[in-house]
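First the structure, in the form of structure tokens, and then the observations on it.
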Amino acid sequence: MERTCLAVILAAGDSTRMKSSKSKVLHPVAGRPMIAHVVEAVASAGISSVALVVGRDAEDVAKAASIAGVDIESFLQKERLGTGHAVLAAREAIAKGYDDILVTYGDVPLQTDGPLKAARQGLADGSDVVVIGFHTDRPTGYGRLLVKDGELIAIREEKDATDAERTVTWCNSGLMAINGRKALDLLSRIGNANAKGEFYLTDLVEIARSLGGRVTAVDAPEIEMTGCNTRAELAVIERFWQERRRHQMMLSGVTMIAPETVFLAYDTVIGQDALIEPNVVFGPGAVIDSGAVIHAFSHIEGAHVSQGATVGPFARLRPGADLGTGSKVGNFCEVKNGRLGEGAKVNHLTYIGDAVIGAGSNIGAGTITCNYDGVNKSETVIGENAFIGSNSSLVAPVTIGDGAYIASGSVITVNVPADALALGRARQEIKTGRATLLRERALAIKAAKKAKA
């Protein structure tokens, strides 16, 4: 029978060092609140029940933590009396009788399911407490994991460690798994007879051993256990997250010419044989199909780019943009809630908003779909194989039929039938010699002003 597990995620900190008006767990990593990354890691470890211990911004934190397939119950920690006290804020959930209790933190967004699964396996193998540790070249300030004969005998804090113990490089991450049948008894035995008068979760090691229990430790990569307390640490976490995801994508067949300049969102999807040039930014909701090309300095969010389509350079795709197979959005173009059919081209200096463009149509430079009247948005529909001349304004709602031509510089306010030519501009007039008169007049005015000065 599969073991049941409750993850207790501690997210009630005051976030003082973050210097922010909101809880640190709400700050984004790859466009997603860091607390959501933690819940995703927990879910990947096969855990579908979460007790979320909250404090500041409780409702916002609970909302940000919500992801599909995970049952989350929030518990308010009214006082900050240490990690042991925080876990017991979820006493009601722990008491439901899970086989495993996994304790993790809402400000450790790089954690993955591997160490969490290893900790749970330690419980399945007979341990009462399993601590997740990490090896580091910079152990100063961390509690050291002291192991003897395969068992964890103590977590020694820096200030209490001997010189020999300070040479230990295996450190406590703070994450641990506890035998669910014994968890409440063990947690209730944690005291606060220390300088700060707080209840420390690390005391479980000594408590479990004193009761004859087995305590072990498992290892995790140091970077995955990085906590986020300051903006500087947030930047480090963002950098590593990006490096890890870029590497995964390149191994899956995506070409990135200068990967260190490409920034991905948590849900970015890029297909095999897609090419991403330097300095491209993906916001949430971007899907790039195989064989697409994203040229340099483009920004894509909430958009779909089909197979063989081309974007940029210097293009912006906003939510709702959907580029058909082999279509093109070129330099200095913006598309918002616009669909381009197969082979359609929007080559340069164009805004497409709330529009449908048929297959094979060509949109000339400087064209604008005028979609907003100050109150409401309206749609522009352009049929297949239409040609829109440069510097045209299409005032929505308006429909351009299949194969229609729009003369350059036109302002189109009325529907254009299929295969028709529409002109909406003033007739050109030529006044011979008038430029000379205008120039002489301007020079005379300039000379008069100079004489008065």
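Each position is counted from 1, following the chain as shown.
Cβ atoms are placed via backbone N, Cα and C, with glycine included.
Within 10 Å of the C-beta atom of E157 (UDP-N-acetyl-alpha-D-glucosamine binding site) sit 15 other C-beta atoms, taking all shown protein chains into account. E157 (UDP-N-acetyl-alpha-D-glucosamine binding site) carries neither a helix nor a strand DSSP state and counts as coil. According to Swiss-Prot, the UDP-N-acetyl-alpha-D-glucosamine binding site annotation covers 10-13, K24, Q77, 82-83, 105-107, G143, E157, N172, N229, R318, K336, Y351, N362, on the basis of sequence analysis.
Annotated Mg(2+) binding site per Swiss-Prot: D107, N229, in sequence order, evidence recorded as sequence analysis. All protein chains included, D107 (Mg(2+) binding site) registers 25 other Cβ atoms within 10 Å of its own Cβ.
Within the region 'Linker' (232-252), the DSSP-based counts of helix, strand and coil residues read 20 helix, 0 strand, 1 coil. Look at Swiss-Prot and you will find 232-252 tagged as region 'Linker', backed by sequence analysis.
Residues or ranges marked as region 'N-acetyltransferase' in Swiss-Prot: 253-453.
Taken from Swiss-Prot, the feature active site, proton acceptor applies to H348, supported by sequence analysis. Counting only same-chain residues six or more apart in sequence, the Cβ atoms lying under 8 angstroms from the Cβ of H348 (active site, proton acceptor) belong to G330, N331, F332, C333, A365.
For the recorded site, N371 (acetyl-CoA binding site), the DSSP three-state label reads coil. Under the heading acetyl-CoA binding site, Swiss-Prot lists A365, N371, Y372, S390, S408, R425, citing sequence analysis as support.
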For the binding-site residues R318, R425, work out the Cβ neighbour count at 10 Å and name the residue with the minimum.
R425
Need one number for the acetyl-CoA-binding residues A365, N371, Y372, S390, S408, R425: the maximum pairwise CA distance in Å, whole number please.
22
Any same-chain residues 6+ apart from G13 (UDP-N-acetyl-alpha-D-glucosamine binding site) with CB under 8 Å of its CB? Would you list them in sequence order, or say none?
S23, K24, V25, G55, R56, R80, D107
Are there any residues in the same chain, six or more apart in sequence, whose C-beta is under 8 angstroms from the C-beta of N229 (Mg(2+) binding site), and if so which?
S15, R17, M18, K24, D107
Within 10 Å of each Cβ, count the other Cβ atoms, then let me know which of the binding-site residues L10, A365 comes out lowest.
A365
In angstrom units, rounded to an integer, how far apart are the Cα atoms of S408 (acetyl-CoA binding site) and G82 (UDP-N-acetyl-alpha-D-glucosamine binding site)?
70
